[in-house]
Amino acid sequence: MNVSPTERNQAHLSENEKVSFEENPRPNFEIPIYNDVERVDQTDLSFAAILKGTAANPLNTFEKKAALINVEIDKFGLGKYQICIWFLCGFGYFLDLAWSQGVGLISTAIYQEMGVPDTKTGNIFAIANAGLAVGALGFGLAVDVIGRKWAFNLTCLITSVFGLLLAAPKYNYSAICGIYFLASLGLGGNIPIDATIALEFLPQKRRFLVAFLAMWQPIGVALASAIAYGTAAKPAWRCDPKLLSCRAVAAGKPCCTVSSNMGWRYNVIILGCMTLAVFVLRYFVFTFHESPKFLLARGREAEAIEVLHKIAKFNKQPPPALTLEMFAAIDDQVSSSENMATGDPQSTAATTKKVISGFGKELARLKGIFTNRLSALTFVLLAIAYMGDYWSFNLAGAFLPIILFRNNVNNGRGSVSDTYQQYMIIYFPGIIGAALALFSVNLPLLGRKWSLVFSAICQGLAMAMYTQVDSTVAFVGLNALEYIMQTYFNAILYASAPELFDTVYRGSVSGMLSCTGRLAGIVAPYAGAQFLAAKSSGILWLGAGGIWLSSLAMVFLPVEMKNRQMF
C-alpha cells in the first residue's frame, strides 16, 4: 500500500505533536508542538516566568518552518550522519582545551628559556585570548554569512598551520606570543561553531549529547598533560629549573639553552599535527552538508529539503516527507512578513564575492536580537555568565599549574616530573563533569538553568578553599574538584547558549558571547600576574568571584530549554 508524505509525518508525531495535513497544493496544518510554552500568543516575560524558565515569544514564520525540519531530523534519530557530526564536533572541543592546556603546561619552560619576569608571564595568555576573541566573533559571524561548512573546516586549518610555527622562535617571547595569537584566531571559532552544528543536526531527544561534547575537553586536557609529561617534563629535553636564561647571564656561563630545552617545542609540534589530522578528517574524509536550518534561514528552502534527502540516504532512512508546499502553506497563513533572508542557491564564486558585504548586512541584522525584550535579556545574562566563566577559567588554567609547580619544585616537595604526573591526576577526572552535565540537564528539578547555578557555586568554592591549604595532596584534590565543576558548568553553558537563539542568529550570537568571555580572559592573566609576583592568594579569590557572578546571572536566565524545541 502506498503511504502519502502526510501519513508518514502523522505516524511519526506523538499525540501532543499531531499535525493536521490536507492533500492539496496549500495544505492547512498546525505546527508541531513539543511543549505548551510554545503555544503562547504573546510575549511572557513576567518575573515568575523568568525564575521558572518559562518565558516565551510567539513562534515566528521561520520557527514554524524550522519545526517541520525538526520533525524530519527526529525521524532520522541518532543515525550514522549524526554520529559522525558528533565526533567531528567533539574533536573541536578536544583541540580547544588541548591547546590551552598544552601551552599552559609548557609555559614555565618557555619563561625559563626566554627569561620572562613574573610580571610578563600573563602576556602570552592575554594575547592568546585576544586571538580567541577575534576568532570567536569573526567565525561566529562567518558561520551565519558563508555557512557552517567553510567555517567548520577553516578553524582547524588556521590553528594547525600557526600551531606548528609556534615551535620556530628562539629567545623571542614576543614572536611566540604573536604566533600563538594567529593560531588562536582559528581556535576561537571552534566552540561556538561546533556546538551550533551539533545542535542543528541532532534530534530533539538527543540534544543532551551537545552538553556531552564537553567530555572531549577533559580528554584534550588529559592528553595534552600526558604529551607535556612525555616531552616538556623529560630531563633530557628540559632545562634544569635552577638555570637562568642565556639572555640573562654572561657568555660562557651555564644557562638554559635552546638545545637543552626542546621538550616544549616537541609538545606544540605534536599538537599541531593532531589539529591537522582533524582538518583532514573534516575536509577530505567526511562529506559535510550545509545545515538545513541555515539554508532555510537564508530562504534557500529547496536546498534545505535536498540536504535532508542526502542525510536520509547516508543514514539509509526513508526520504523525508517535507515539501516546498508545506513551507508555502505557512507563508499563506502569516499575515505579516518576517525578517527572513531570501535568495537562490549561490555558487562558490558568488558567495566569495559577497562575503564582505555579507558581514556588513550581518551586523545590521543582529539588531533584531536586541529589539526583542526576551532575547535581549537572555543575551545580556549569558554575556555576564561567559565573562565570569572565562575570567575564572583563565585564572585557573594559567596560574594553578604554576602555583602547584612552585609548591613542588621551589619548596623541594617534588620534582618537575612529579608535577606533570599530578597534572594528569587533576585533569583526567574532568570527564566526570561532562557526565554530570549529561544527566543533570534532563533532571526535573535541575534542567539547564539550575545545573548552571549549582556547578558555578561549587567551582567557586573549590577555588576559595584552595587559599586555605598548603599541601600537595590538598592542592591536587581541590584543583581536580575545581576542574570537574568547571567542565560541568562549561558543558551546559556551551550547549545551552546556542539553543536559546534561532538559527537566523545562532552562530553570530554564539560568537559574540564567546568573544565577550575571551575579552574578560584578556584582562584576567594581567590581573593574576600581579598577584603571582606578590605571592598573594588574590588570584584564587579573583577566580572564585568571577564564577560566582556567573552563577548569580544564571538564576535569572528566563528560558529553560528542557523539552522545548530548538529552532
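Using the three backbone atoms N, Cα and C, a Cβ is placed for every residue, glycine included.
Please treat TrEMBL annotations as automatic predictions, because they have not gone through curation.
Record features (TrEMBL):
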COMPBIAS  1-13  compositional bias 'Polar residues'
REGION    1-23  region 'Disordered'
COMPBIAS  14-23  compositional bias 'Basic and acidic residues'
TRANSMEM  85-111  transmembrane segment
DOMAIN    85-562  domain 'Major facilitator superfamily (MFS) profile'
TRANSMEM  123-143  transmembrane segment
TRANSMEM  150-167  transmembrane segment
TRANSMEM  173-197  transmembrane segment
TRANSMEM  209-232  transmembrane segment
TRANSMEM  268-288  transmembrane segment
TRANSMEM  374-404  transmembrane segment
TRANSMEM  424-443  transmembrane segment
TRANSMEM  473-495  transmembrane segment
TRANSMEM  539-559  transmembrane segment
Counting only residues 6+ away from its ends, which parts of the chain sit with a Cβ under 8 Å from the transmembrane segment (374-404)?
-> 43, 45, 50, 55-57, 100-101, 104-105, 107-108, 121-122, 125, 129, 368, 419, 422-423, 452, 456, 459-460, 463, 466, 472, 475-476, 479, 482-483, 486, 489-490, 493, 497, 500-501, 505, 509, 512-514, 516-521, 523-525, 527-528, 532, 539-540, 542-544, 546-551, 553-554, 556-559
Between the stretches 150-167, 173-197, 268-288, 473-495, which wins on the count of C-beta pairs under 8 angstroms to the transmembrane segment (123-143)?
-> 173-197
Residue numbers, six or more beyond the limits of the transmembrane segment (539-559), whose CB comes under 8 Å of its CB atoms | 45, 49-51, 53-56, 374, 377-378, 381-382, 384-389, 391-392, 395-396, 399, 403, 448-449, 452-453, 456-457, 459-461, 463-464, 466-467, 489, 500, 520, 524, 527-528, 531-532
Contact between the transmembrane segment (473-495) and the transmembrane segment (209-232) (3 or more Cβ pairs under 8 Å, separation 6+) | yes
Counting only pairs at least 6 apart in sequence, do the transmembrane segment (209-232) and the transmembrane segment (424-443) share 3+ Cβ pairs under 8 Å?
-> yes
Counting only residues 6+ away from its ends, which parts of the chain sit with a Cβ under 8 Å from the transmembrane segment (424-443)?
-> 101, 208-209, 211-212, 214-215, 217-219, 221-222, 225-226, 229, 451, 454-455, 476, 479-480, 483-489, 491-492, 495, 562
Give residue numbers and ranges for long-range contacts of the transmembrane segment (173-197): same chain, 6 or more residues beyond its ends, CB-CB under 8 A.
-> 85, 89-90, 92-93, 95-96, 99, 103, 110, 114, 116, 120, 123-124, 127-136, 138-140, 142-143, 148, 151-152, 154-163, 165-166, 210, 213, 291, 494-495, 497-498, 506-507, 510-511, 513-515, 518
What is the average pLDDT across the domain 'Major facilitator superfamily (MFS) profile' (85-562)?
-> 86
